Structure formats: C-alpha cells, structure tokens
Amino acid sequence: MPESSDGHAATGATIELDNLTKVYPGSPAPAVDNVSMEIKAGEIVIFVGPSGCGKSTTLKMINRLIEPTGGRIRIGGEDVTDMDPVKLRRKIGYAIQSAGLFPHMTVAQNIALVPKMVGWPKPRIKARVEELLDLVGLDPGEFHGRYPRQLSGGQQQRVGVARALSADPPVLLMDEPFGAVDPITRDHLQDELIRLQHELHKTIVFVTHDFDEAIKIGDRIAVLRERSHIAQFDTPEAILTNPADDFVSGFVGAGAALKRLNLTRVRDVEITDYPTVTLDDPLQEIFNRLRGSGTNEILLLDKRHRPYKWLRRGDLMRARGSLARAGTLVSDTVTRDATLRDALEAVLTDNAGRVAVTGRRGEYEGVVDMETLINSVHELLEADRLDALEHQHELQELRSAQTHAEQEGAEGGTKA
Amino acid sequence: MTTPELDEREDQEEAGATRPPAPESPKARISWQKLTILPAVLVAVLLATWLWFRQADLDSISENALSGGQVSKALWQHIQLTVISTFFVLIIAIPLGILLTRRAFRKATPVAMAFANMGQATPALGLLALLVIWLGTGTRAALIGIIIYAILPVLSNTIAGLRANDPTLLEAARGIGMSPLGVLGRVELPLAVPLILAGVRTALVLNVGTATLATFGGGGGLGVLITTGITNQRMPVLMLGSILTVVLALLVDWLASLAELLLRPRGLEVDV
C-alpha cells in the first residue's frame, strides 16, 4: 500500500476481491458467496442492495472486521488477507452510520486517534486535525473542543468522515454513513463527499440501500442480490439505461430515464448557436439580422453579453423601434454545469421551449431547445446501452468461468 | 471552499445544537451544596455526641472501654479494614469483570456470577465464623470475609458497564485500527466508568458496615465498641460505636460520590 508522505496526500489504491466468501458457523448457506471484483484506484464504488444481502459483510471483509472464510483480498496489489488486521485497518479509513464517534472524547481527540496510533509527531497531528475540520466544513476554532453530544447529526457525520481521513489512508470504507441523518442534511453531505473526492481521489467503497444515493455519488455501482452475488457492476448511466435483469430494474425503480438526465451536464451535450445582437448595435443592424436569420427570433444581449431579451420579428414594429419596450425578458438561464434535468425543467417552463446557456459570469454561450435535448438524450441512452451490454457480457463470462472452476473443484473431490 | 449557501445551512444546523460550553472548572461539576451540606451535618452530629459525653457521667466499665485511646484505635482499625478490603475488592473484581466480558471467557460469566452471588447471599457473620475456624482469629480472616462479601457489586457493575457499551461503537473502534487492548483501555473502560464507580461506592459503604463484624473474628474496629456496649449493657459505649460507624459510612459515601462526579468522563454528562 502506498505510504503517505508529508507533503502529498495519498491517492487511492486498487482493491481486488478474489472469490471472497464468508460462511458463518452453524449456517449452511454462505452469507457472502464467491464475490470477485476489481475496484480501480481513485474511484467510488457503491455496494447497493436490499438489506441482508451481505453488502455490509462484504465491506467489513475488506478491512477484515469480519474475517473471510475463503478468497483473497488485495489492496494496491498487496495481498492483505493474512496481514495483521490492526495494522491493515490503520491504513484504511472507516466511517459508519451515525458516525460512531467516541462520546467521551472531544472532536479533536476523536480525529487524532489514528494519527496518534501510527505515531505521528504531536505538531503534525494538531495541524492535521485543523486541516481536516476545515476540509469537512467545520470551523476548527469552534468545534475543536466540543464533545460529540454537542453536535447535530450532520456535524457528527462530518467529524466521522474527518476521522476516517485522518491518517490519510488510500482507501476509505463507508458503511451507510449518511443513513441516519435527515434528507436535507444527507443531500448536503453527499455533495460534500463528491467535492472532497474531487480533491482527494481516494478509493472509496460505499455501502447504501438507497439507489438514488448510489447514482449520485458512485463512479460505478455494484447491485448486489442475496449472498452478495453481483447482479450488475457498472456505471450509473449503464445501470439506469440497461438494467441487467428484473432484480436490477426493480431496484432502479421507476423513472430511470429521468434519473439518467441527472447524470449528464449541459456542457456534455450539443449547444446550438443562436443569432444574437447586443444593446450597442444600431437599430438598423438589428432589423437586418432579424430579417437575415432563418429564425423568427433573435436573442438580445446586454452590455456584458448576458442574455437580456428574446426579440420576435414583429416586436420592434409594435414597440415603434424602442428596444426598451420590445420583446420578452429572458426569465431563466442554465449554466454549463447544470444537469440535463435542470435544462429540461427550464425548457418545459419556457413558453417557446428553449433556454439560454450561460458561462461562469452569466455571459451568453448558446441555447438548448427541446429538439437538441431529445436528440442528445437518445444518443446518450444508445451509447449507455452499448456499454452496458459489453460489461454485462464480461460479467457473464466471469461468472461462467467461476461456475466452471467450481464444478471442476467438485469433481476433483475437494468438496464433499 | 464553502459556498455562502452552505454556510447558511451550517448556521441553521447550528441553531439546533447547543452552544459551546463555557470553560468548565471542577466547581461547575460539583455544586457547593453538594460540597458542604453533608459534612456540616456530620460535624454537627459529632459535636453533639462530644457535648453529650462531656456532661454524661460514665461509670468505671464505660471509662475502661473508652479510655487510653481505645476509641481512636478502633476507628483507625476500622478505616484500615475498609480501605484494605476495598483495595482488594477492586483489584479482584474489576479485572475479573473485564476478563468475563472478553469473548473467550464469556461462557464462564454465569459460573463466576453464581459464586459472587453466593458470597453475598451467605450471612456475613456465618462466613466470618467459617473463615475463623479455617484461618484462626485475626485481621486476615476478617479481611477475607469482608472482601468476599463486597465482590459482587463491583463485579456485577463492571460486567454491566462493559456490556452496556454500544457494540457498533466498539466495532468502529476496531475498524479504525485500535488493538483489542486499545479498545478496552481507551473506549470500553472509560465509557463504563460511571457504572463501575457506582459499584465501588456500594462496596465501600458495604465494607464500612461489614467491618463492624470483624470484631467477632478478632479483627478489631468499631465493632469492638458496639459489642462491648452490648455485652456490658453500657449505652454510651454502644452509642459511640454506632454513631462513629454511621458517620464513617456517610463520609465514605460522600467521598465516593465526589469521586464519581470527578472521574466521570467529560462528554458523558447529560447537561452539557
């Protein structure tokens, strides 16, 4: 596993699970049965599935809170299946539901635990605690000395994440970390996690039973059915467009296409150019443009190139050549970072079915209308479908290889 | 890094949470009433007793029983018996309680508890008599009797305190990489401190009481005064023995309650 050095934060490490199995003594069926997957360095993988499907068990086998009965775990290429579990866990961040903070320690003491255990010098621990509190959006001066009891659920959860990150581990395991907070705070914490990950690039394995949370956060999602069998392991886009089977589509729920729109930003689709004029242009020029352009309408920009008014052909005539009175004001714009769902919303509420796209400072960049939206969505869905088919094929091959190996094993007499 | 919108939400979250507490001093944890009322009462009782003895005319038997520093000797012996027995109770019962909550020994818990229960269910006097027959008279037999009698509250409270810890919290402790010993020392025991201390307090008070029986095994203590008073039918002697025992018990209980307040980990207090 890559060690963190002073200056640079450790980025993620790969995680490979190889035929991981857990059989509890006294129960005939395994709780987790032959799970194999490869998690790339720096990606967020979500385990999602109904309760009792073994997703938490699988997660806890990665840091060996639960010892696997069979199979191997490799982190960063190193086999950790037989390593000292205490040492292993100090290199893996761990965050759980309702934070799991120690009530008799202050926020700072909670965060400092792991760095202390791995023997960081005191000044470095102190600096790290401040840095982490800042990172998770809590004012170090104010929260440093508080006890967990004095924090709201959301704040506790932030401290929990800070503690998991404290010794700068390459891998982070999160077991339904946002399961116990109210929906608004949860939404907020999810955004924060996404922002954190943009900065940190850790490898994160995240367990949840909330599919919407999974699509929001995950780079890839593993939909697990009972005994942790992987029903589908793919990008959120692919799972939404092409669920592998009825189980997965049941989990995805209704409105998959709409959910899909959340995952693409306006900058990823084609923006049409629109004829524009500015307030500074002479009236005659504006008339010419209106006549010359193929469309019925042109967009009037203000002095700072922000969308100002939609002008129709007759508008100027009716307003007797006064730009101040002519046209309809632009009511709504979307930025390039907006999701397609936001854009669709804006297009649907606009009376002419189009919306102006603006840049960082509100300057005009283009227009999205119903037609371009529909076209790009169709293209997206088609591409997703092809991707998903390919991945599914891979999964099937893997599975058949596994079954084959098992049968070989059975014939070889290793099993009774 | 945080957007204004985010800060706003933080503030809303803030409003629900309690304000940071003012820097606390130990005084804030213990009220002055707690600190003064009981000692004042005890001093008043002792003063009244002393005044009463000054005007009481004592016959020779009573004089003999109380003169020559015998009272202070008995008191001192009593305190010694209490302190030594409590010390042994702690070093036996707490480690035993810890051991019995470890996975490997959990199955032995009912057996150990049965023994501890027997120790307390046996009449203390009978137990002492048996020990004297076995070990002969003296302080040793008395001490062992007291210890056996007081193990149960500490043991059962230690076990209850450790068991009451939230298992997900302990899993979190293991999950972030604490060794089993680290989990015990840094999480389990500190969180169990309030219950363990309550057990210790019970044991202390119990020991002050049981130590009065030490006299039957030749162990000395305030029990000497009480028995002398009863056998010679001298009320003043009996009274003095009893009053001193009661005052000592209340004082020990008060000291233990202070210790409970001071040693309870910060952050576990409900009113912070």
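Placed from the backbone N, Cα and C atoms, the Cβ positions cover glycine too.
Taken from TrEMBL, the feature compositional bias 'Acidic residues' covers B:1-14. The domain 'ABC transmembrane type-1' feature in TrEMBL is assigned to B:75-256. The region 'Disordered' annotation in TrEMBL covers B:1-26. The transmembrane segment annotation in TrEMBL covers B:35-53, B:79-100, B:112-135, B:141-162, B:183-204, B:210-230, B:237-256.
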Among B:35-53, B:141-162, B:183-204, B:210-230, the most Cβ pairs under 8 Å with the transmembrane segment (B:237-256) come from B:210-230
Among the ranges B:35-53, B:79-100, B:112-135, B:183-204, the one whose Cβ pairs under 8 Å to the transmembrane segment (B:210-230) are most numerous = B:112-135
So what's near the transmembrane segment (B:141-162) in sequence-distant terms, Cβ-Cβ under 8 Å and 6+ beyond its ends?
-> 81, 84-86, 88-90, 92-94, 96-98, 100-101, 109, 112-113, 116-117, 119-120, 124, 127-128, 131-132, 134-135, 188-189, 191-196, 198-200, 202-203, 206-207, 210-211, 213-214, 217-221
For the transmembrane segment (B:183-204) and the transmembrane segment (B:79-100), does the number of C-beta pairs under 8 Å, pairs 6 or more apart in sequence, reach 3 or more?
-> yes
Sequence-remote contacts (6 or more beyond its ends) of the transmembrane segment (B:112-135), Cβ cut-off under 8 Å?
-> 96, 100, 141-142, 144-145, 148-149, 151-152, 155-156, 159, 210, 213-214, 216-218
